[in-house]
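For 94-316, 435-699, the entry in TrEMBL reads domain 'Ion transport'. Annotated transmembrane segment per TrEMBL: 83-101, 160-180, 218-240, 291-313, 433-455, 467-486, 507-526, 546-569, 581-601, 674-696, in sequence order.
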Amino acid sequence: MEVGAAAEAEPLLPPRTWRAGRRLWRTGGGGARSATEDGTGADNDLYINQAIVFIEDAIQYRSINHRVDSKSLWLYRWYYSRTCQWILSLTITIILALAFLEKPSSLTITSDVRYRLPAWNPPCGLTESIELLCFLVFMVDVSVKSYLIGWEEFWKNKWLVAYILTLIVSLTDWIVSLSFSCTENVRIRRILRPFFLLQNSSMMKKTLKSINSTLPEMASVVLLLAVHLSLFTMFAMLLFARTKDGQQDKEWVGYFRNLPDSLTSLLVLLTTANNPDVMIPAYSMNRAYSIFFILFTVLGNLFLMNLLTAIIYNQFRGYLLKSVQSSLFRRRLGIRAAFEVLSSLREAPANAQQSYVSTGALLRVLQKVEMDSCCKQAIMRSLKMCSCDQLSAAQFQKLFEELDKDAIKQHPPSPEYQSRFMQKMQFACGHPYFGYLGNVVALANIVSICVVLVMDADKQPSERDDFFLGAINCFFILYYLLEMLLKILAMGLKRYLSYPSNRFDGLLTVILLVLEIATFAVYGFPHRGWRPEFMGLLSLWDMVRLVNMFIVFRFLRIIPNMKFMALVVTTLLDLVKNLRAFAGILLVVFYAFAITGIMLFKGVVVPLGNTSAVNTTYGNGTLQCGTYEQLEYWPNNFDDFAAAVVTLWDVMVVNNWQVFLEAFSRYSSPWAKIYFVTWWLISSVIWVNLFVALLLENFIHKWDRRCHREPLSDIEYQRTVELMFRDVLEEPTEEELMEKLHQHPHLQLCR
């Protein structure tokens with residue numbers, strides 16, 4: 001608790017009267033440099049370094065509640081350097097990837113229990129040694145974090161306390177594992193590994209906090225769903241009760257034999273995965289029974305499930321807005337803290353009512369700050385255009401509003417040719433119609449491939465003549481090469497590569513050219529009777545197919561030329577980049593459930609003999625059509641980590657997920673249904689709806705802004721999640737910022 005005393009001995013801001021006295025002493029001194037002046041230079045360097053760190057905190061939305069002495073600032077910048085953060089990210093990746101190598105290993109070609117060969121399992125101590133190195137990195141990480149914020153603040157930070165507890169439990173379990181020679185089946189530390197990913201991402205923490213705050217709001221609809229399911233289960237058990245007539249009991253036998261089966265059948269029907277199978281036995285006896293199933297589906301799936309999505313969207317948007325509002329406050333607070341420390345460099349009178357920062361001091365800071373070069377240049381341009389030598393707090397804050405703007409990418413200029421012929425070539429090849437011509441040629445290429453594929457669909461490989469397909473591919477690839485070279489000539493290499501669509505085009509053209517040259521080198525030029533003989537690594541037909549796949553993929557070049565399609569695609573690409581927090585949380589949940597599934601169901605699925613028939617006798621019963629065995633779902637199991645992840649994905653999609661419910665409850669225990677229903681609730685109901693909520697909000701904002709923005713050919717705009725709500729965020733007041741600064745555990749403000 002007293003470790004921070006030494007760091008706090010260097011206050012952020014000395015008293016205003018001391019600064020005034022220092023100024024008067026220096027002006028009245030002689031020519032010799034005194035010890036006081038040396039101290040002044042050291043203080044100035046400290047203030048500059050503090051301002052640099054605070055601005056970097058603002059850029060990254062980090063908290064400024066950390067130590068601010070010289071040594072701590074050096075350690076802080078070192079910790080948040082690209083090298084250290086890259087090492088930490090690599091360590092997290094390695095420890096998560098160990099699940100693919102550890103026993104049970106995923107290093108087999110197939111996960112099908114009928115054909116899978118014994119997997120290589122690492123010797124005891126190999127993966128454990130790698131794991132220990134990762135733990136050591138995490139121990140250094142949590143130690144540095146704890147020191148930088150101070151021990152008093154450490155105990156208030158739940159994430160850091162949980163970090164240390166996770167490490168203690170993991171190390172204890174690691175020791176137990178070695179003591180049992182790595183033969184134990186349950187490894188608690190494997191379930192805890194996703195925590196290291198979670199705690200390292202501030203956006204994931206904010207998203208998780210928003211989800212946690214949203215869950216109580218969903219409770220009413222979830223409770224209503226439970227009531228809906230329970231009531232219809234009771235109705236179903238009464239409606240389809242067992243009778244004396246065995247012919248009329250098919251519905252009871254298949255779906256409503258007891259309470260667990262009835263609940264499961266209707267829960268699956270809520271996702272429509274077993275529709276209309278669950279209805280057919282009763283419907284075949286009396287068409288009036290369909291009313292029950294239709295009414296259940298309409299109320300549950302169409303009304304309640306969609307109502308749940310609407311509530312999640314409304315509530316989650318509000319909580320995410322609060323989270324982004326706090327991020328904005330952090331940015332403004334970091335900028336204001338930088339202003340306060342830089343204002344200490346100005347020798348103001350003791351009775352000065354307002355602080356100022358010199359433009360020279362800010363320029364010194366900006367030169368050392370790690371930030372986007374375009375944003376830095378924009379701030380420095382604004383600073384140089386300012387006629388005043390001193391900046392007030394409002395002017396200082398306004399300069400850094402560049403951080404809140406859309407990221408703008410400006411393309412390099414085209415080359416200027418002196419020759420009239422080259423100018424005409426540049427005009428022709430840079431004209432939009434030249435791009436349209438390329439799209440027409442790409443479409444013609446696709447059509448020709450489709451024609452050939454339709455004609456050769458029923459032919460044996462020995463009957464195919466690839467002359468025509470090879471000849472047209474050669475022609476079109478030469479055209480693509482010529483088009484690429486002409487565009488580079490017209491636009492210049494730098495400008496050509498500055499467009500993602502051109503990079504996509506150029507890369508595929510180079511790949512196609514290499515494949516075509518390799519084909520000609522092995523099989524010669526296209527000629528009559530060009531047969532798919534096997535020579536080298538691939539047959540001629542395989543080579544031609546590979547070329548055609550890239551050609552089909554290249555047809556996506558047409559998207560940027562279709563305005564609304566390009567708008568949708570670019571928006572979706574931005575969403576993919578900005579939804580990393582959601583993807584990370586889904587990865588955490590997948591990882592934890594996969595490890596849990598391995599512990600519960602590893603080895604429970606045992607292959608039968610011949611399972612290709614529709615009805616297969618197993619024990620005393622008969623496996624009907626649609627069972628796990630008849631559908632040959634053998635690769636879907638929990639015998640290794642990779643197979644478990646794919647199985648969980650198949651359940652999340654909910655198509656035929658009742659097959660997994662029935663099979664694993666039969667192979668292991670009826671309680672297995674709880675595991676799969678819990679996974680369905682978390683992944684398909686909660687997470688997918690949250691994802692849809694954020695996607696809608698993000699998409700609507702991007703769509704509105706892009707539709708109302710004037711198109712500029714040489715400028716590209718990119719937005720982040722933080723800027724998604726920028727138009728509705730409230731700016732923090734001066735009083736709020738200063739109050740928060742005065743509450744800083746390591747700052748000593750004197751005004």
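Here the Cβ of each residue, glycine as well, is placed from N, Cα and C on the backbone.
Where the annotation comes from TrEMBL, it is an automatic prediction and has not been curated.
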(request) Could you give the residue numbers and ranges of same-chain residues that sit at least 6 residues beyond the transmembrane segment (674-696) on either side and whose C-beta is under 8 angstroms from one of its C-beta atoms? (result) 211, 214-215, 218, 267, 271, 305, 308-309, 312-313, 316-317, 320, 575, 579, 582, 585-586, 589, 593, 596-597, 600, 648, 651-654, 657, 660-661, 664
(message) Six or more residues beyond either end and a Cβ under 8 Å away: which residues meet both conditions relative to the transmembrane segment (581-601)?
(response) 96, 99, 104, 185-186, 190-191, 193-195, 197-198, 201, 203-204, 206-208, 211, 637-641, 644-645, 647-649, 664, 667-668, 672, 675, 679, 682-683, 687, 690-691, 694, 721
(request) Give, as a single whole number between 0 and 100, the mean pLDDT over the domain 'Ion transport' (94-316). (result) 88
